[in-house]
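As recorded in TrEMBL:
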| type | residues | note |
| --- | --- | --- |
| DOMAIN | 1-276 | domain 'Plant heme peroxidase family profile' |
| SITE | 17 | site 'Transition state stabilizer' |
| BINDING | 22, 25, 27, 29, 31, 43 | Ca(2+) 1 binding site |
| DISULFID | 23-28 | disulfide bond |
| DISULFID | 76-272 | disulfide bond |
| BINDING | 118 | substrate binding site |
| BINDING | 148 | heme b binding site |
| BINDING | 149, 196, 204 | Ca(2+) 2 binding site |
| DISULFID | 155-180 | disulfide bond |
Ligand code: HEM
């Protein structure tokens, strides 16, 4: 991860998001890493992942180094959990002990990827219920959303928010519109903007300061601070990095424990992209 981040600091964000997209789809079982084949439909072309999920080559590199050192021992699911933790730490965030022993799935579910991963236009109650469906409470949800303190997003994911919502700082909306043309233009869908305007390559609590200042990039981000149940927590995290860091680390362990495959129900893949 250190080598990958030297090449491109954004990669830490991409790996962290891959882990989330793995865990919310039938548990943390590396299903997100499986390639499509003519007879197998994976999750990479599900709506939340298509043209969006990245970092697969970095996981491949780690896996081949681990295989060379000790073949058939460390699952792709565990590698992803460890790589996500290390990304956060190397970018300035907290560290935590990752429980290990996950096995890799022999199946994937594009359908579950499309239904379980919340969209950026979700409102607060949808966000809370989609995390509750995974055994995560509203506090976990708000803490985990702090992952948006790093990384980039495509115009298509935040266009509606900057053009149509009113709970947004007007100067921030104007700034984002300058590189994300309106729907009538029919262009710019893939233009990138940092999710956290203040420090997109640093794992800090600036994301929550953005929300308090009505500078959340997604509609769903700003839902966490829009007069609802999470306002108090967002304000606390915006003022207190340590409070956020502790809750984030605990919630990452909880997310990493969603429905692990153990024993003979899974396998240790040799290549993270294909079942053995
Ligand atoms: C709460 C519901 C969430 C929604 C609606 C959401 C939505 C999104 C969207 C739309 C993007 C931009 C994708 C693109 O433009 O290609 C994104 C990026 C990202 N998300 Fe989330 N997300 C959520 C929760 C999370 C969680 C729980 C994590 C991790 C713990 C996470 C980590 C990230 C990261 C790090 C990025 C940037 C990735 C990169 O730069 O490659 N998100 N998210």
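Backbone N, Cα and C atoms are what each Cβ position is placed from, and that goes for glycine too.
A TrEMBL annotation is a machine prediction, not a hand-curated record.
Locations of recorded TrEMBL features on the structure.
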residue : record                             : contacts (Cβ under 8 Å, 6+ apart)
17      : site 'Transition state stabilizer' : 53, 147, 151
22      : Ca(2+) 1 binding site              : 28, 29, 30, 31, 32, 33, 77, 80
23      : disulfide bond                     : 134, 255, 256, 258
25      : Ca(2+) 1 binding site              : 31, 32, 43, 108, 109, 112, 113, 116, 117
27      : Ca(2+) 1 binding site              : 105, 258, 259, 260, 261
118     : substrate binding site             : 126, 127, 130, 131, 220
180     : disulfide bond                     : 155, 158, 159, 162, 188, 191, 193
196     : Ca(2+) 2 binding site              : 148, 149, 150, 206, 207, 210, 217
204     : Ca(2+) 2 binding site              : 92, 93, 149, 241
For Ca(2+) 2, residues beyond 149, 196, 204 with C-beta within 8 angstroms of the site's Cβ centre include exactly 146, 148, 150, 198, 199, 200, 202, 203, 205, 206, 207, 210
Among recorded positions 23, 31, 43, 180, close to ligand 1 by Cβ (under 6 Å) are none
For the recorded Ca(2+) 1 site formed by 22, 25, 27, 29, 31, 43, name the remaining residues of the chain with Cβ within 8 Å of the site's Cβ center, in chain order. 21, 23, 24, 26, 28, 30, 32, 105, 108, 109, 112, 113
With the cut-off set at 10 Å between Cβ atoms, which of these binding-site residues ends up with the most neighbours? Options: 31, 149. 149
Does anything in the same chain, at least 6 positions from residue 76 (disulfide bond), have a Cβ under 8 Å from its Cβ, and if so what? 30, 33, 59, 63, 104, 268, 269, 272
Around the Cβ of residue 28 (disulfide bond), other Cβ atoms found within 10 Å total 28
Around the Cβ of residue 29 (Ca(2+) 1 binding site), other Cβ atoms within 10 Å, all chains included, total 28
Report the mean pLDDT of the predicted model across the domain 'Plant heme peroxidase family profile' (1-276), rounded to a whole number. 98
